[in-house]
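Among the features that TrEMBL reports, domain 'Survival protein SurE-like phosphatase/nucleotidase' is placed at B:6-191. Under the heading divalent metal cation binding site, TrEMBL lists B:ASP11, B:ASP12, B:SER42, B:ASN98.
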Protein chains: 2
Amino acid sequence: MSKPIILVTNDDGIAAPGIRELILIMKEIGTVYVVAPDKPQSGMGHAVTINSTLRVEEIYSDNSSFEWACSGTPADCVKLAVNEILPKKPDLCVSGINHGSNSSINILYSGTMSAAIEAGIEGIPAIGFSLCDYSHNANFKAASKYIKKIALNVLKEGLPKDIVLNVNIPKADENEIKGVKICKQARTYWEEEFVKRVDPRGQNYYWLTGSWNNENFEKGTDEEALSENYISLVPVQFDLTAYSFMDTIKNWNFSI
Amino acid sequence: MSKPIILVTNDDGIAAPGIRELILIMKEIGTVYVVAPDKPQSGMGHAVTINSTLRVEEIYSDNSSFEWACSGTPADCVKLAVNEILPKKPDLCVSGINHGSNSSINILYSGTMSAAIEAGIEGIPAIGFSLCDYSHNANFKAASKYIKKIALNVLKEGLPKDIVLNVNIPKADENEIKGVKICKQARTYWEEEFVKRVDPRGQNYYWLTGSWNNENFEKGTDEEALSENYISLVPVQFDLTAYSFMDTIKNWNFSI
């Protein structure tokens, strides 16, 4: 059987330590095509570039990997990869390893997960990987064996149409990681705060900041698993319909 | 009973005809606070501004409305409005009227819907409105009575925690609109194409383009309703967990 073709992308940019580690892991499994942003794109959500042009440049290749840097968002990278760069549809798309958590509702803001979801829309089995450590020198190697195992599982078993995986890795050494737990998305959220400052010309400006309110996570959630040093794996769907509420709202009166 | 406080935002920018119409409709219902992007932010998805500063400027007020223009994304606008600008938590957040459809998977790319979802995360009942007509001179008045009715319903009945509404309006005159249909999100998608060009210095660049593949929509979907000149209303959740797949994936072997 020929080696699988694996598309690797991220939102921290092609030079980030997290994607470099992910590339190394994927080269053990298949032929790797990297199409990733040429600069950090954190917090871009599922942004796409429709009002300006996109650039993409091949920056490296060897016998098992090919790397392109792209001026666009993570979702742009996946679209460009699939439609313009790759020789055929990839067998797997992996995004990450993100510098920082994409657990709970962070998934909504995550460029890493948007890339995975974009691949899912294109019909490609896809996984987003994130490490709960924002530091540049985070230990991206601790979970390497698990990342490889999860990727091999997806290559073997496939994923249902319209489902991708959101994998978060605790900040821990290899021997402290207890394994992989299948979880639901927690309901924890950010307590936003804006820092208000005055610029040298006397005008106000703001910095968005805040603290992560994860004290009251439910059982079975990704937050719980991570707090216990498990890797959390949440299967994610992008049909956002709230089916449970459809019957209720059908009784509302919308006549004018 | 005091008039409800309504937060109005969008992703096309505060000067767009769509939000101007939405403001007029909401002023019939309550006291309106507008906090909207100072420039178009279409396709921004759920982007948030974390690596640069935010500006916000009051640009207009009268006895029933107050308007601020913000340098950030739609999600930024909601965060700033709730945390810094509004005197109290609003009773309702409406986003739009978007210039163009946010039906089907367009919701994932939509700044309009991200603003509504952001409000939902903040615990505010929220609705995104979009008109399936991209033209600047689209008929934003045709559905005014329905928009008002939907907003009044939400103010009266409330919405469950973690659910917001995605409302799309067909391109039609008022007397052609048949009413409101409760729908699920269709699975239609974009067939992307990239237009490749060469710049004056001989370098390649790309434009993202594509066609909307909505020929094979299922029954009961927003695409079907819109094709029949109904307003589609999809209740939307932002717990993305694919519960249906959890049992299957629990049988995978993740031991290393």
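Cβ coordinates come from backbone N, Cα and C, glycine included.
Keep in mind that TrEMBL annotations are predicted by a computer and have not been checked by a curator.
Small disclaimer: the values here were computed from a predicted structure and weren't measured.
Counting neighbouring Cβ atoms within 10 Å of each of the binding-site residues (B:ASP11, B:ASP12), the lowest count belongs to B:ASP12.
Classification of B:ASN98 (divalent metal cation binding site) by DSSP places it within a strand. Confidence annotation: the domain 'Survival protein SurE-like phosphatase/nucleotidase' (B:6-191) carries a mean pLDDT of 92 in the model.
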